[in-house]
Ligand SMILES: Nc1ncnc2c1ncn2[C@@H]1O[C@H](COP(=O)(O)OP(=O)(O)OP(=O)(O)O)[C@@H](O)[C@H]1O
Ligand SMILES: [Mg+2]
């Protein structure tokens, strides 16, 4: 599904959080949103998902402009947001419809993919932070949404699990041609996964740069090309200057 | 998880007390033994002093006499009737009050219009001490079962109502968002997220409500009854037999505790998923 943002902005209590963001995503494209903390990345994702509908500008999905929640979107939040009264399996199958047995079978498959098989019967209170986040990831992926919005999905995980789940995300993308918008702080993650990286900066947040990555996936982690792009991103984020601004 | 309690302080204290016990489940037996040392000692001392004639028996009969009274009531067959009718009144009032509270509470919790329309009025009624209604209810409905059960249900209503509302309002918006993104409609949101999420608060309300129900049944039966534990209180007073009064008090305590214990078991079963230690 295609996605288009036209001059999207959001004002909270008279204070603008993001202004004038426009970009579009072709079906099956992976877009990365990169930027310093508080520049409005989560705010943008919420607007795209329809959870927030008090933004300015227009967002259209598959050419249709609407401020409603779109049925085919999946969202992985910055926190796990599991239902404490459901088991791990119950949480994963929450968004599925249909026969119980089929739901549970599918749920188990995805739990295995995120490395949690055997933990189906646990309750959220028995999970570690990383396990909880992996359950949340399985819950969002199991419905195979056509647009997937991810808000720093892997930031609570160890480096190894993180890489595994990035590859899981890619395999799902490959199977379903999912359009993905990924918010991340991790530049390596962005260069490994994305077709395009959009860099936001400032308060209110604005787009400062868009970087296109032509390299085919799967990409080699830590390759020369990716390292070059990383340097470019670091330059455009201009981190030294940003630090100066915040300390003044 | 203790949210809004009834307006009677004794209920509040009671609930905190049971919350404390929850954390010490492992030491239950030890706890029980430790907790019964002082009462056992006091009862023995009471028995000894009564036998020595330190307490005049027409004021404070000995524990064995009180126990004898309870056994005597049991043997002549009236005990079951007294307990039965009192329990029935509490139970009926509890059910009625809870139903009313669930209906009004969910309305007010879900619909802002209903809240603006109804809540100020209900809050105003709440500030009336519920026992003040008694004369009016008797005037309207006589001193039969109807007025008694109505009174008890009024007592049960408020803690249940308040806890339902606070439960519904307190549901984490972030969890509701997960439901919305999964395409749930309003009805599904209520059933799959809001109800389970507000269950802890609802159960707290039920336990407070039940405690108030037992308090109100005493008041209702004191007003006039021909049977029931409260009637035994009046009977004891009129026949100058403190052992009957004490027997009734002990039975009230035992049955009240038993019913709360049953609710607590239901609560523990229903809320096994809660991360309790973190919440206390
Ligand atoms: N509900 C809200 N009410 C008021 N202000 C808000 C609200 N949500 C976000 N903001 C403000 O909007 C700005 C952007 O917030 P947002 O959560 O989008 O940042 P972010 O880019 O996701 O940051 P991070 O990387 O730390 O998650 C912040 O200044 C924040 O204070
Ligand atoms: Mg954020």
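Every residue, even glycine, has its Cβ placed from backbone N, Cα and C.
Automated prediction, rather than curation, is the source of TrEMBL annotations.
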Among B:68-89, B:90-111, find the range that TrEMBL records as transmembrane segment.
B:90-111
Which listed stretch (B:31-49, B:149-171, B:212-233, B:245-263) has the most C-beta pairs under 8 A with the transmembrane segment (B:90-111)?
B:149-171
Within the same chain, where does the transmembrane segment (B:212-233) have neighbours whose Cβ lies under 8 angstroms from its own Cβ atoms, ignoring anything closer than 6 residues to its ends? I mean 6 or more beyond.
6, 8, 10-11, 81-83, 85-86, 89-90, 93-94, 97, 130-131, 134, 138, 143, 147-148, 151-152, 154-156, 158-159, 244-245, 247-249, 251-252, 255-256, 259
